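Here is the structure we will look at.
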Amino acid sequence: MKFYIRTFGCQMNVNDSEKMAGILKTLGYELAQDWTEADVILVNTCSVREKPDQKVLSALGEFKKIKKQNPNAIIGVCGCLAQRAGYEILQKAPFIDMVFGTTNIHHLPKLLQEAKEGNKAVEILEEIDSSEFELDQYPTVRENKYTAFVTVIRGCDKKCTYCIVPTTRGKERSRRIGDILREIQFLVEDGVKEIHLIGQNVTAYGKDLGDVKFYELLYAVADIKGVERIRFTTGHPRDLDEETIKAMADIPQVCEALHLPIQAGSDKILQAMDRGYTQKEYLHKIELLKKYIPDIALSTDIIVGFPGETYEDYLETIKVLKEVEYDQVFAFKYSPRPGTPAADMPMAETPETLSKWLNDLINMQKDITFKKNLAYENKVVEVLVEEQKEDGQYVGRTRTNKLVHFYGRDNLLGEIVDVKIEKVNRFSLEGVLN
Ligand code: 5AD
Ligand code: SF4
C-alpha cells in the first residue's frame, strides 16, 4: 500500500505533512513516487489568499481521475482550506473520502479506517482540545536529512484584519519545552544538524504556558549536543523583544537570518491592519537587530493594496524597503478572505493599479537582493551541505540562508564546510570548497 501527499502553503503545513507521512508509515504504508500509483492521497491545503484556494480546487479535479483508475483509492483533504470550508469542498467534490481540519491530524488512523469501510470520514473541530498534542508523538518523514522543522507553537492570538489564520489555526498553544527538546534530541541522533523552530507566531512561544520565554527555549535548544544551527520562523515584530535579539546574538548556533513581516509601511494602513506597531517602532527593532547582529540577513512579507491604501501609503512601503535593504521580500496583492474584518472594507484602487504597484515593488527589490548577494563575491562562507546533484555538484545554504552551489571532494553531504564564492546570481551563489 502506498501514499502520496500534496502540500500547499507554509512551513507549518509542510511539517504537518511530514507528520502525516510518519503516521502512514507507522500504519505500514510506503511513499509513492507519484499520485497515480497511490492508494491514499492527501491534499494538505492553504487558504491564506484566494490563489492557493483555487490551486487546491484545480488539484482536486486532477485527483478525481485517480478514482477512475483505482476506485479503491482514498482521497483526503486537510489543512487550512479544509478547516475553513470542509463541507463546501465535500459538496463540490463528492468523490472525496476524508476531510479533516488542522487540529484533527492525529486522528488520521481512525479516519482512514472509516473511509476504508466505505464511509465519508469527516472531522472538523471548532473547539481545540489538548489531545492534538498526540500528533507530536509520531515520527516525521522528511525530504531533507540534515535540516528539520520542529513545531513549537500552534495558532495565533493576533487579530490582523486581513488574515484567515486565527480562524483556520485557532488560538496560540505552545508545546511543553520538555517535549520539544526530546524531539530535537531524537532528530539530532537521526543525523539532523539544523533545527528550524516553527509556528504561526514563534516569538509568542511560552506566553500561554506562563513559565518559559522564547529566548529561554533558544538557549535550551542550543544546549543539545549536535545542534549546529538554529533558525526560527515566523516572528511577529511586536513579540520580538530585546532579550530575544540579545539571545540571537549570544548563541553561536542561531543563524544570522530573520524573517520579520512588516506587511505595510504606512502607519494608517498598519493601524487598519491592526498590526500593533508603527513604522517607527518596526524600524527600531530592525535597528536593534542590525546593532546586535551586524551581518544579519533580513526578509519580510508585504501586502500591496490593503483596503484604503493610497499611492502615498504605498510609497511608505517602498521607503522602508529602500531603507532596510532586505535580502528577500515576499510580496502579494491583498486578497479578501471570507469572514475577516477587512473582507468588507472598500478598496481605494483598481486591481490593475495594484498589479502595477506590486510589479514595480518586486522589480525594485530584485535589484536590492542582487546587491546584497554581490557582497558575497570572493568571500568564504559556512555552508551546510544538503544535497548532491548527479554531476557531483553540491547544494547547501549559508547561515544567512543563501543557496550555494559548489564542487568539492567526495562525501560532504551533511557536513558544514567553508566555500569560497566565485559567482553571484540573483537567487543563488556559486563557489568552490575552500
Ligand atoms: N491577502 C494577501 N496576503 C495575505 N497574507 C496573509 N493574509 C493575506 C491576505 N488576505 C500574507 C501576509 C503573511 C503571508 C504569509 O501571507 O503577508 O505574512
Ligand atoms: Fe496557508 Fe496560513 Fe494555513 Fe499556513 S497557516 S497553510 S499560510 S493559511
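Yeah, the Cβs are placed from backbone N, Cα and C, and that goes for glycine too.
A TrEMBL annotation is a machine prediction, not a hand-curated record.
Per TrEMBL, [4Fe-4S] cluster 1 is bound by Cys10, Cys46; the candidate from Cys80, Cys156 named for the same site is Cys80. Taking CA atoms as the reference points, Cys80 ([4Fe-4S] cluster 1 binding site) and Cys163 ([4Fe-4S] cluster 2 binding site) are 12 Å apart. Per-site Cβ counts within 10 Å over the binding-site residues Cys10, Cys80, Cys163 peak at Cys80. The 6 Å Cβ screen around ligand 1 retains Cys163 from the binding-site residues Cys46, Cys80, Cys156, Cys160, Cys163, ordered by sequence position. The Cβ of Cys160 ([4Fe-4S] cluster 2 binding site) has 20 neighbouring Cβ atoms from other residues within 10 Å, across all protein chains displayed. In three-state terms derived from DSSP, Cys80 ([4Fe-4S] cluster 1 binding site) belongs to a helical segment. All protein chains considered, the CB of Cys156 ([4Fe-4S] cluster 2 binding site) has 22 other CB atoms within 10 Å.
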